[in-house]
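K.L.:
Take this structure first; my questions come after.
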Amino acid sequence: MTAPDTTRDPESPAIDVVAADIDAGIERRLATKRGMLTSVGGSAIARLMVMPVSAFLGIVVTRLILDNYGEATYAQYTLLVGIAALLPFTDLGLSAAILNAASAARNPRTDPVLRGVLVSCMRLLVCCAIVLLTVAVGIYALGYWDVLLGDGLSLGSGALAATLCLAIFALNLLISFAQRILIALGLNTLVVLLGALQTPVVLVVLWLTISAGADGGYIAVASYASTFLISAIAFVIAVRRISPTIGVAVRESLNPRVRGERVFNVAWPLLVQMIALPLAMSSDRLVLSHLGSLDDLTEYSLAMQMFTPALGVLATAGMSLWPVFARARSAGTATPFSPHAMAGMFAALAMGGGAVIFMFSGWLADLASGGRIELGWPILVAGGVFIIVQAIKQPYGMALTDPRGLTFQAACAVVLLPVNLGLTIGLTPTLGAPGPLIGSIVAVVTCQLVPNVLLVRYRSRRAALADEIPESGAHHQ
């Protein structure tokens with residue numbers, strides 16, 4: 001006997017069997033200790049493998065551009081590639097809604113909430129893409145690219161190349177959400193490995209461009225096209241993994257009579273964090289350039305060049321925890337490891353990475369600067385403490401990815417901005433290069449880490465108390 005709202009067709013038994021296999025795979029990856037450790041460790045290892053390969057191929061790309069097209073073309077390439085970094089908020093934080101809905105779905109192939117969330121997100125992402133396309137074409141038609149991007153856009157192809165880059169970036173918004181679905185299915189490692197395709201694709205396009213004797217002004221377009229290709233591959237995989245949900249959502253998004261699910265309750269808090277946190281961290285160099293010396297700025301920049309990859313590994317590993325917490329929260333069960341245990345694991349990982357960086361810092365500094373920049377032990381210690389603090393913060397932040405938790409984190413991020421800036425301004429004249437890092441450590445601990453830990457502990461105690469009340473009632477009966 002089926003539920004009243006359930007329909008059956010000749011293919012449904014096969015779908016049910018496949019869905020059961022998918023559910024078992026998700027449970028194995030997200031709801032067991034071994035699966036969770038594999039997901040977190042696999043994501044970190046994949047990122048560690050991808051980084052040196054991408055860095056080496058990036059150096060090859062740089063050398064080929066400089067040798068074959070000159071400094072002006074390379075300047076334009078770096079300028080246009082950097083546009084994407086200035087627009088991290090273009091998806092409006094909708095990835096949070098997709099991650100939560102896909103993680104919570106018991107059967108992603110048939111879950112109506114996931115489908116409704118995708119319908120809402122698709123409509124909003126189409127609007128975002130249209131706005132970006134309109135802006136790109138409008139700037140090109142009015143001839144404002146030179147005004148916006150300055151002298152770095154020195155080639156005749158610059159304006160059209162910038163328009164194409166922004167247009168492809170806009171189109172990528174329409175399908176990039178599929179990567180969030182894969183993360184929600186416990187496939188974050190696959191997403192990281194797909195990202196490794198970007199630089200090789202650019203290198204192949206560059207080689208073909210050089211071989212054909214074509215204009216090098218459009219090389220940056222290949223970078224955006226490779227990102228689109230990665231998103232397209234992820235989209236195809238996601239479509240097959242949760243078929244027919246995405247296809248149905250696409251059709252329903254075109255029907256104005258179909259209502260989607262609420263998404264902005266989790267989207268806007270993530271959007272605030274996507275804007276506030278990078279802004280807080282990027283202000284350090286600006287303060288150093290005004291209040292510190294040139295040596296302070298170069299020392300800080302070189303140190304962060306060493307520690308930033310470690311932060312990337314930790315962020316990648318931390319992202320794999322989002323679906324773990326979201327799925328457990330939806331099912332009303334505990335995660336395989338508590339946030340406190342996970343924080344200890346992440347701290348140990350960060351301590352190991354920091355120790356390696358500290359040991360090889362002298363050699364790395366000589367390699368990068370040719371011996372012109374020396375890193376003192378204060379900034380190395382500060383950098384190590386900073387990545388440990390960021391590592392501990394990851395599990396607690398991922399435990400607070402429900403609407404109220406994300407809103408709380410958004411408020412903390414807003415408070416962090418002036419606190420971090422004030423501490424950086426106050427410490428830089430006295431401490432020099434380590435000043436901004438020490439200010440960031442204090443700001444992150446007081447404005448993010450401690451509040452997140454306290455809220456997680458409060459929720460855990462409240463949940464434990466709620467579990468005790470029914471048990472005590474049963475004993476009295």
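From the backbone N, Cα and C atoms, a Cβ is placed for every residue, glycine too.
Among the features that TrEMBL reports, transmembrane segment is placed at 44-65, 77-102, 123-143, 155-175, 182-210, 216-242, 263-282, 302-322, 343-363, 375-393, 405-425, 437-456.
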K.L.:
Out of 123-143, 302-322, 375-393, 405-425, which stretch has the largest tally of CB pairs under 8 angstroms to the transmembrane segment (263-282)?
P.N.:
405-425
K.L.:
Do the transmembrane segment (216-242) and the transmembrane segment (155-175) share at least 3 Cβ pairs under 8 Å, sequence separation 6 or more?
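P.N.:
Output yes: the transmembrane segment (216-242) sits against the transmembrane segment (155-175).
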K.L.:
Checking distant contacts: for the transmembrane segment (302-322), what same-chain residues at least six beyond its ends satisfy Cβ-Cβ under 8 A?
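P.N.:
Cβ under 8 Å, 6 or more out: 36, 39-44, 46-48, 51, 99, 103, 183-184, 186, 188-189, 192, 342, 346, 349-350, 353-354, 357, 361, 364-365, 368-369, 373, 375, 379-380, 383-384, 386-387, 390-391, 394-395, 397-399, 401, 433, 437.
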K.L.:
Using a cut-off of under 8 Å between C-beta atoms, tell me which stretch among 44-65, 155-175, 343-363, 375-393, 437-456 contacts the transmembrane segment (77-102) the most.
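P.N.:
Result: 155-175.
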K.L.:
Between the stretches 123-143, 155-175, 182-210, 405-425, 437-456, which wins on the count of C-beta pairs under 8 angstroms to the transmembrane segment (44-65)?
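P.N.:
Ranking 123-143, 155-175, 182-210, 405-425, 437-456 by Cβ pairs under 8 Å to the transmembrane segment (44-65) puts 182-210 first.
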K.L.:
Have the transmembrane segment (437-456) and the transmembrane segment (123-143) got at least three CB pairs under 8 Å, pairs 6 or more apart in sequence?
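P.N.:
As far as Cβ distances go (cut-off 8 Å, pairs 6 or more apart), the transmembrane segment (437-456) and the transmembrane segment (123-143) do not touch.
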K.L.:
Should the transmembrane segment (155-175) and the transmembrane segment (123-143) be scored as in contact, given a threshold of at least 3 Cβ pairs under 8 Å and pairs 6 or more apart?
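P.N.:
The answer is yes, given that the two segments have at least 3 Cβ pairs within the 8 Å cut-off.
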K.L.:
Residue list, the transmembrane segment (123-143) vs rest of chain: Cβ under 8 Å, 6 or more residues beyond ends.
P.N.:
90-92, 94, 159-160, 162-163, 166-167, 169-171, 173-174, 177, 253, 260, 263
